[in-house]
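Quick look at what Swiss-Prot annotates:
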BINDING   34, 92, 131, 462  (6S)-5-formyl-5,6,7,8-tetrahydrofolate binding site
BINDING   237-242, 256-262, 281-284  GTP binding site
BINDING   237, 256, 258, 261  K(+) binding site
BINDING   241, 262  Mg(2+) binding site
DOMAIN    227-386  domain 'TrmE-type G'
């Protein structure tokens, strides 16, 4: 009975015809409304009082309201199933881009039987109809949201199937391995020894290496998509705001000789060597009785706790231990992988040391005001993040890396069961779980709530 209800729900969903504005809100020369579903062509013909133009050919039409009055005019394109984005009948109406006329046209389509599309519903239908896998569907949203040329190019590669191909190649190896293991379990009379010839162990290690290679590439794609949260911290007048301006390439923050000028956090989106960065300037860390400045310091510490990377700026001319401030305010977050020490105002020093390391921490000497050493700092930031994108880098998300991490965990368990315990059934179960985890990436094995969360983050018209 449950299966019948699930089938009916799926059937009813795709018997509806959906409509949405596909262009951004606001005024524009052209506004596009998209229809998809079994009644798309019928609804469009009622709207235009004419038959549709030939498939994939633009035709000029007038759009009529319920009283027969012309609401707008423009182009109509018809994409019959299955040769459309969604795999269903799709009609695109290209009229004028004013919000009033676009909303009026959309309301008219609803009167004619269309339903309002949910966020990401067009892409969801494309996924369900086999036009896209989950990685390609996500790449559409990533291409729209790309903040750099490199991110856009990587999103296009994922949309074209580069990431999916890598995952599917690993899955083929994993399925091949499972077949060998299952054969050894199902035909015990053949007395197949799991370790006799080392073949299964070699296949398992090959799969693990393949997953690791994809993980390395995906990490670069994740950095391109999600970027790095970088926080600048230090004492008042250490040159934090000057450093933000130098990295951003403009005077974003106010710079004065008065200590405590910066009292709130200041965020700036920039790109360093192609790596998207959210750069945050913070209030100077010191003891103060000023209530407003105290609140700024509290917010600064909160930003420090959440940062991917912290740039701790200190004044070289003071000769102080740069780590003393860190020990006082955020000792629990004092990790070499999250911290770069910045010795600033080197232009005021004669014969200043070019330190590359201070204790266990990376160190860079700069003059933010004079733009000395800034490129070396930029290189240090991207190197610290492990950012080394290749020409074939594809876009990736945190959930992809999480799925691969779980895949590796199950493969490690399978190896342990194989080598230590010779437990064939447990090896097979771990390999099954590894395949399920890896299949989540392309959507071959995905829970409904995961799909809803992914497509729910899309634009309405996608």
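Yeah, the Cβs are placed from backbone N, Cα and C, and that goes for glycine too.
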Three-state secondary structure, residue 241 (Mg(2+) binding site) (per DSSP): helix
Alpha-carbon spacing, residue 237 (GTP binding site) to residue 92 ((6S)-5-formyl-5,6,7,8-tetrahydrofolate binding site), which is rounded to whole Å: 58
Length of the line joining the Cα atoms of residue 92 ((6S)-5-formyl-5,6,7,8-tetrahydrofolate binding site) and residue 240 (GTP binding site), in Å: 51
Per-residue Cβ crowding (10 Å cut-off), top of binding-site residues 34, 131, 240: 240
Length of the line joining the Cα atoms of residue 131 ((6S)-5-formyl-5,6,7,8-tetrahydrofolate binding site) and residue 241 (Mg(2+) binding site), in Å: 49
Most Cβ neighbours inside 10 Å, all chains, among the binding-site residues 237, 241: 241
